[in-house]
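Enquirer: Quick paste of what Swiss-Prot says about this protein:
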TRANSMEM  22-42  transmembrane segment
TRANSMEM  50-70  transmembrane segment
TRANSMEM  72-92  transmembrane segment
TRANSMEM  121-141  transmembrane segment
TRANSMEM  149-169  transmembrane segment
Amino acid sequence: MKQLLDFIPLVVFFAAYKLYDIYIASGALIAATALSLVVTWVMYRKIEKMTLVTFAMVVIFGSLTLVFHNDLFIKWKVTIIYGLFAVALLVSQFVMKQTLIQKMLGKELTLPQPVWGKLNFAWAMFFLVCGLVNIYIAFWLPQSVWVNFKVFGLTGVTLLFTLICGVYIYRHLPNDQEKSEEEKSEQP
């Protein structure tokens with residue numbers, strides 16, 4: 001359900017763009033993201049930091065787009081958000097004791113430390129590449145191409161990358177025999 005709530009503002013943005021223009025779509029994105037945030041809070045009583053950062057960037061860059069009537073701001077939003085995510089992941093990997101990926105998934109998954117590092121680095125590079133591709137598409141191709149890329153391209157490639165990471169994680173999960181041996185050795 002949470003993923004659906006995160007996806008709704010994107011659908012609203014796309015529909016508003018197709019029916020009206022980038023400026024109405026930017027305003028609709030701000031409103032839909034705010035509503036999604038409120039619904040998430042009401043349902044879960046918790047909002048992830050990434051969600052808050054995304055909301056702040058949507059409000060800032062969406063508002064700048066509307067105030068200055070310039071679509072460059074909303075186009076930069078994607079690159080800046082992805083850049084912030086990449087930097088946060090890299091800082092967690094090289095400065096902190098635990099990677100952000102491990103902090104987010106470590107309670108649900110048991111993986112060797114090098115696997116956490118590789119996953120974290122892979123996501124950082126993924127966000128960096130997506131941000132750079134966004135710059136190219138946003139500034140050298142027509143606006144309609146950028147909107148389709150933002151809605152369908154980034155969503156599709158993110159789902160694909162998530163699946164690839166899922167397969168990678170699955171390969172490194174402890175098997176049932178290892179789990180039962182660990183449980184036996186932990187018992188007095």
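Note that Cβ sites are derived from N, Cα and C of the backbone, with glycine treated the same way.
Since this is a predicted model, take the numbers as computed values, not measurements.
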Enquirer: Taking a Cβ cut-off under 8 Å, which residues six or more beyond the ends of the transmembrane segment (72-92) line up next to it in the same chain?
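Expert: For the transmembrane segment (72-92), the nonlocal Cβ contacts are 22, 26, 29, 50, 53-54, 57-58, 60-62, 64-65, 98-101, 103, 120-121, 123-125, 127-128, 130-132, 134-135, 138-139, 146, 150, 154.
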Enquirer: Go through the chain and flag residues at least 6 beyond the ends of the transmembrane segment (149-169) whose CB is under 8 A from any CB in it; none is fine as an answer.
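Expert: Residues packing against the transmembrane segment (149-169) from afar: 7, 10-11, 13-14, 78, 109, 111, 115, 118-119, 122-123, 126, 130, 133-134, 137, 141.
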